[in-house]
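The structure under discussion appears below in the form of C-alpha cells.
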Amino acid sequence: MHFSGVVLILLSMTLVNFVFVETKVETGQYVKCKYDICAKSCQEEKGKRTGFCSNPECICSKD
C-alpha cells in the first residue's frame with residue numbers, strides 16, 4: 001500500500017511538470033523566452049536544428 005502511494009505521487013509530479021512545461025512553450029510570446037525551452041521546441045515540434053531567444057519570442061534557425 002505504501003509503495004503504490006509513492007508511485008502515485010511520482011506520477012502526479014511528472015504529469016504536473018509536463019503540463020507546466022507545455023504551457024510555457026505554448027504561451028512563449030507572453031513570457032520571457034527561455035533558451036532551453038526554445039531550442040527544444042524548435043527541434044522537436046518544428047524540425048529545426050536549434051533556436052534562439054530574441055526577447056520575448058523564440059526564433060528557430062532557418063535549416
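Yeah, the Cβs are placed from backbone N, Cα and C, and that goes for glycine too.
Annotation source Swiss-Prot lists signal peptide at 1-23, citing sequence analysis.
The DSSP secondary structure for Cys33 (disulfide bond) is coil. Sequence-distant contacts (6 or more apart, same chain, Cβ under 8 Å) of Cys33 (disulfide bond) comprise Cys53, Ser54, Asn55, Pro56, Glu57, Cys58. Annotated disulfide bond per Swiss-Prot: Cys33-Cys53 (among others), in sequence order.
Counting every protein chain shown, the Cβ of Cys58 (disulfide bond) has 22 other Cβ atoms within 10 Å. Feature annotation from Swiss-Prot assigns disulfide bond to Cys38-Cys58 (among others).
Cβ contacts within 10 Å of Cys42 (disulfide bond), excluding its own Cβ and spanning all protein chains shown: 19. Marked as disulfide bond by Swiss-Prot: Cys42-Cys60 (among others).
In the three-state DSSP classification, Cys53 (disulfide bond) falls within a strand.
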